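Now, the feature entries from TrEMBL:
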DOMAIN    A:16-126  domain 'Tetrahydrofolate dehydrogenase/cyclohydrolase catalytic'
DOMAIN    A:155-216  domain 'Tetrahydrofolate dehydrogenase/cyclohydrolase NAD(P)-binding'
2 protein chains.
Amino acid sequence: MASQEVPKTCKVILSDTIAKKLLAEVRETLAKVQDPNATKPTLAAFLANDDPAAAQYADWSKKTCEENGFNFDLRKVDKEVLEDAIVAANQDDSVDGIIVYYPIWAQNHQQDRYIQETVALTKDVEGLCHTHLFNMYHNVRFLDPPTNHKKSILPCTPLAIVKALEHLQIYNPILAYGNRLFGKTITVINRSEVNGRPLAALLANDGATVYSVDINGVQVFTRGSGIRAPRHKVLDKEGWGLKDVLPLSDVVIGGVPTENFKVPTELIRDGAVCINFSSYRNFDGPAVKEKASIYVPSIGKVTIAVLLRNLVVSDPVPVSANRRV
Amino acid sequence: MASQEVPKTCKVILSDTIAKKLLAEVRETLAKVQDPNATKPTLAAFLANDDPAAAQYADWSKKTCEENGFNFDLRKVDKEVLEDAIVAANQDDSVDGIIVYYPIWAQNHQQDRYIQETVALTKDVEGLCHTHLFNMYHNVRFLDPPTNHKKSILPCTPLAIVKALEHLQIYNPILAYGNRLFGKTITVINRSEVNGRPLAALLANDGATVYSVDINGVQVFTRGSGIRAPRHKVLDKEGWGLKDVLPLSDVVIGGVPTENFKVPTELIRDGAVCINFSSYRNFDGPAVKEKASIYVPSIGKVTIAVLLRNLVVSDPVPVSANRRV
């Protein structure tokens, strides 16, 4: 009886808290690689939609950049000239990294994908260019083997979620690096090419069993075993849905980009960890706090910290020039 | 009164007829660039779906390859190992060109897009890699400026439709090259990144006014004017639909990949030219023949001819090696 009366407590962790530690690391790296007389690295951010979430995200990005030693150059452009503006920034030596606020063509993700691919590989700090994604899936760490000076970038939102899971100690540091999610079951609700699918692969490669859910069904991602298949494996789970995977999951990650989707709280396991990376609230806040052990209502500020991390670990012109001195 | 009684006749042109001329040109080019002792150029075709249309298309491709001096190597693979199989073909010197039958993940075009980008640029005879598409939009003709030995490839289905329009003399050879669609109004029903949008841009660059229609609405593509904007321009036409654009159109091009979509015949202008590039019939055949002056019910065999053309004009290993002798 007594155990039923112990109040359930859910720890709510804000993305700010997780971002702080990452930003301290970014400042440290920047101080190491940056000549004090050099100009600050510049992040060019293209805003070509009217999404208030994007505008708010741009405001946060500006503040974060300025507080941490970066220039933030917001460029508001019409979507019809966006491509030309990106091409100009690709060729502009004063721009070290480029980000673009998506979605632009809300109902045509394929055209957004075209724009993602238009960003020059060496300035893509979001990790959305095909070569970055391909390298992630294939566990290739550098863009320039065998020299290995230029790191391949992981896609920023999936990486932000990995960083959040590390902060929350879901990644167990007792285990060996690369094996720290072994034994964990994780549901990721979203299987887009830029967020959900790479996230599922990253988590599976670290040892988790990952249920990847979208409107078309469920796939399970697991780490390949043996020497010949070190990469993740994917299997379709015919007929499965949230009702089958949520009760099994230690961690539930929501990334559905619509206002009316809510993860059914009654299916979530008692004491699960719930993380939302959609700009809409995928969890019913008051209800999920009665169920979850940890709830992270948004990941946005971690993503910004990861962008700056990508900017200093990639090879921006002023930074790398100093690094080789 | 008499004029009303003149029977309307619609000329039905099959893709075979259009393909024949192109294939003769391909054989001629091949004879010029190919050492008679060299092995035939090899096209590797990856089939990873159960689509009967794709299987039929593969059969046609095999026949066409063998009749025209190419090897056709059909590789049936599970979609889960497709990426690795393509990577192997990218690295295999005995493969000169690669094609993949889409859709693979029927409900996730983003993942198909990932596969398209995985094909090596120099072996992509479908013209679907981002660099090929980017070059098309920007009117860049070569992959290796300023050497200009390696031609950038136009996406195969849009190019097949251009070739069909040339055959049908909708491109008016009396006009200057690059201006041969001036004065024509064309509706393209499909605005995918691999078919409809590049097609609209190509036709606009040749002088047409192009209405690009998808389920989200209508955009008009026109050629940019003046020195600073030689590329096509795009404008949204708020509230417009097929009812507004079909009555204005000299040419109606259907590319909707679903069985139940039909172009409303009653909206088509008397004497219009109707072309279908979907694997489903977008036009009601008997009805459209009462309205159209020319009807092309499918474009598939032209697309195969274009693939072989792309294979000989791009830089396949045996061909280019001889070309430089």
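In case you wondered, yes, glycine gets a Cβ from its N, Cα and C as well.
Automatic, uncurated: that is what TrEMBL annotation is.
Using DSSP to sort the residues of the domain 'Tetrahydrofolate dehydrogenase/cyclohydrolase catalytic' (A:16-126) gives these counts of helix, strand and coil: 59 helix, 17 strand, 35 coil.
When DSSP labels each residue, the domain 'Tetrahydrofolate dehydrogenase/cyclohydrolase NAD(P)-binding' (A:155-216) comes out as 22 helix, 11 strand, 29 coil, counted as helix, strand and coil in that order.
In the predicted model, residues of the domain 'Tetrahydrofolate dehydrogenase/cyclohydrolase catalytic' (A:16-126) average a pLDDT of 93.
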